[in-house]
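Okay, structure first, notes after.
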């Protein structure tokens, strides 16, 4: 799965988050939030850790962050962040400014999950990201090492469950299962129709024999 973790925060107050697998990305993300510049100027940032990158979009004091596999590039993660920012602002509006930590999590974590799945697995997401990826601020985002940004003497270890692709595989399995059920349903329908036709033919032949002819002359005088 390309995008593994995401959160929405006001300053350092996390309002909603979702993780597609077992990882300590949440605690690392909170440290990133604490180290972001204090002003509320709009910005786009990326921080690398092993083969993962934390992408950050800050707009109007609202921060949207995601952790993605480095193979996802920049366009898809930032298109995802832009999408999430728009959805969050549209859904909660002014309530964002006074919301308590995780007060939107029960509802919006489902949106994060759905959009993470879409941007990680749906081919249409790549086309959308190419359009949004033309923004100069995305092209010019510098990727810094996260240990340098957090100014830690010891190496920060990111822990990610090796089964991180499970959700993507589950999504594909569900699609295949639905397709298989549809095929089996049509097969059963066709088989039922064929049995009805065969039964009708057998009844007709029997009646034709009893009624002395294909036009059933002795039965319909």
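Any Cβ shown, glycine's included, is placed from N, Cα and C.
Along the domain 'Longin' (7-112), the predicted structure has mean pLDDT 90. Residues annotated as domain 'Longin' in Swiss-Prot, with sequence analysis given as evidence: 7-112.
Annotation comment: Swiss-Prot describes 127-187 as domain 'v-SNARE coiled-coil homology', evidence class sequence analysis.
Taking the Cβ of residue 2 (N-acetylalanine) as centre and 10 Å as the limit, one finds 22 other Cβ atoms among all the protein chains shown. Classification of residue 2 (N-acetylalanine) by DSSP places it in coil, neither helical nor stranded. If you look up Swiss-Prot, you'll see 2 marked as N-acetylalanine, on the strength of similarity to another entry.
Summarising the annotation, Swiss-Prot assigns topological domain 'Cytoplasmic' to 2-190 and lists sequence analysis as the type of evidence.
Feature annotation from Swiss-Prot assigns topological domain 'Vesicular' to 212-221; the stated evidence is sequence analysis. A Cβ distance under 8 Å defines the sequence-distant neighbours of the topological domain 'Vesicular' (212-221), meaning residues of its chain 6+ beyond its ends; there are none.
What Swiss-Prot records for 191-211 is transmembrane segment.
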Could you give me three numbers for the topological domain 'Vesicular' (212-221), the DSSP helix, strand and coil residue counts?
0 helix, 0 strand, 10 coil
Run through the domain 'Longin' (7-112) and tell me, per DSSP, how many residues are helix, strand and coil.
46 helix, 35 strand, 25 coil
